[in-house]
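This report concerns only the one structure given below.
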Amino acid sequence: MNALAATNRNFKLASRLLGLDSKLEKSLLIPFREIKVECTIPKDDGTLASFVGFRVQHDNARGPMKGGIRYHPEVEPDEVNALAQLMTWKTAVAKIPYGGAKGGIGCDPSQLSISELERLTRVFTQKIHDLIGIHTDVPAPDMGTGPQTMAWILDEYSKFHGHSPAVVTGKPIDLGGSLGRDAATGRGVLFATEALLNEYGKSISGQRFAIQGFGNVGSWAAKLISEKGGKIVAVSDVTGAIKNMNGIDILSLLEHAEENRGIKGFDGADSIDPDSILVEDCDILVPAALGGVINRENANEIKAKFIIEGANHPTDPEADEILKKKGVVILPDIYANSGGVTVSYFEWVQNIQGFMWDEEKVNKELKTYMTRGFKDLKEMCMTHSCDLRMGAFTLGINRVAQATVIRGWGS
């Protein structure tokens, strides 16, 4: 089942629990706008190259649309659609005044030079600048993009609309980026995990974690969890996977990964098959890489008691059912990884006010939002006698549905 089919399925199940009528259901599901543009650039060798850019603006009932821009060879309309829809529910779960969007360019950023990436980003911005904006649609970094990409978008957009730092988030600090944004998704994973474990009378300290993915989310989650006394026993990234049942020294691993562009060859742990990371013996599994990695092939082998979804859509619906029967508790992506968009919201607020916060305030506010989000999610679980994933979906969809009806759009 692809990401869009799985997301639509979860929407339908939640809609049934909420008792939404078919008319409202349809209006919530159909995207507000889908954009597809051709981006042709001169390459460094003088030849021309064409790429396809997408932006799906899903819903704006609760505020400006918000979502990342990814540069990846497999960016295609269905995936962008699914991720845009997930952003609509995620911003509603986090109770921040946004709707959902997502975008991307089908390209392999590792095969492009910095100047080629800059030209591509600027051409993409030229094609969509009239369709994004501070109170319309606010992009952010995603896979294959980062603060530098946002700086180029901001600069190109400002040529048409004047200096507008709030048009993108995840910017460099010197251009109005927020302190704490870099660590935000990983820190949100920490706060979400603490909230969940608290329900079971447990704390991070002494728990054994396996983390798939050692990019921005996985590395920050690993660092912050280990600082709280959690034991990271297995880690993987695109270069390989490692395991040490006595606990991996995360600070040493971070240094190694920085110097060697990956965790491969780290001598403080044993090398293992990357595919086995999900089924390693641990208490808590954190998939923080790609979607669809937990499926019916490996779900029965998973030994973790808790799964914290740091990635978007890492668990297939079939795996969901298998794991539910096994008694594994899954904290869903639309809550667990919402730390990034929450601090993006804080960045947008700071840019609009022209008043920047210190990092302590950013982290304190993030903890408040994540803790409140879990409480709201649990209340929906009790109201509808459902698991955490359906609790999150019903919470998000209900908030968007209410805004839609109040505006007069749902009739």
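Cβ coordinates come from backbone N, Cα and C, glycine included.
Taken from TrEMBL, the feature substrate binding site covers Lys66, Lys90, Ser344.
Per TrEMBL, the feature active site, proton donor maps to Lys102. Counting only same-chain residues at least 6 apart in sequence, those with a Cβ under 8 Å from the Cβ of Lys102 (active site, proton donor) are Arg55, Val56, His58, Gly67, Gly68, Ile69, Arg70, Val80, Asn81, Leu83, Ala84, Met87, Asp142.
TrEMBL lists Asp142 with the feature site 'Important for catalysis'.
Annotated NAD(+) binding site per TrEMBL: Thr185, Asn216, in sequence order.
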* Asked: Does anything in the same chain, at least 6 positions from Asn216 (NAD(+) binding site), have a Cβ under 8 Å from its Cβ, and if so what?
  -> Asp182, Thr185, Gly186
* substrate site shell beyond Lys66, Lys90, Ser344, criterion: Cβ within 8 Å of Cβ centroid -> Gly67, Met87, Thr91, Ala94, Ile96, Tyr98, Gly100, Ala140, Ser338, Gly340, Val341, Thr342, Tyr345
